[in-house]
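Copied over from Swiss-Prot:
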type	residues	note
REGION	1-24	region 'Interaction with human CREBBP'
REGION	1-48	region 'Transactivation'
SITE	W11	site 'Essential for Tat translocation through the endosomal membrane'
REGION	22-37	region 'Cysteine-rich'
MOD_RES	K28	N6-acetyllysine
REGION	38-48	region 'Core'
REGION	48-101	region 'Disordered'
REGION	49-86	region 'Interaction with the host capping enzyme RNGTT'
MOD_RES	K50	N6-acetyllysine
MOD_RES	K51	N6-acetyllysine
CROSSLNK	K71	ubiquitin cross-link
COMPBIAS	83-101	compositional bias 'Basic and acidic residues'
Amino acid sequence: MEPVDPNLEPWKHPGSQPRTACTNCYCKKCCFHCQVCFITKGLGISYGRKKRRQRQRAPDSSQNHQDSLSKQPSSQPRGDPTGPKESKKEVERETETDPLD
């Protein structure tokens, strides 16, 4: 390490700040410009306030879409509800007609 003049403030030490100003460019050279550029541009870390996105108002067509969903018939259970009962009856009939030896 080079000896630093004790009369200089820490932010004025040589090498503490880059010679050129930071830019909005995201090229590789600018991403490694200084520590701040590397953290914000290179790593994508920013601790500032996040801008709030304004909600977009739903157009009138979305109301019609909701209405069409409510008009659709509700889902019914799949298969014939009497199907399993009939198959049991058929099995019982087969066992009665075919005696076991």
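Don't overthink the numbers, they just go from 1 along the chain as shown.
Glycine residues also receive a Cβ, built from the backbone N, Cα and C atoms like all the rest.
The structure displayed is predicted, hence computed values, not measured ones.
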Modified residues compared (K28, K50, K51) - highest count of Cβ atoms within 10 Å: K28
DSSP, reduced to three states, assigns K51 (N6-acetyllysine) to coil
Local confidence of the region 'Core' (38-48) - pLDDT mean: 85
For K28 (N6-acetyllysine) and K50 (N6-acetyllysine), determine the Cα separation and express it in whole Å. 25
Under a three-state reading of DSSP, tell me whether K28 (N6-acetyllysine) is helix, strand or coil. helix
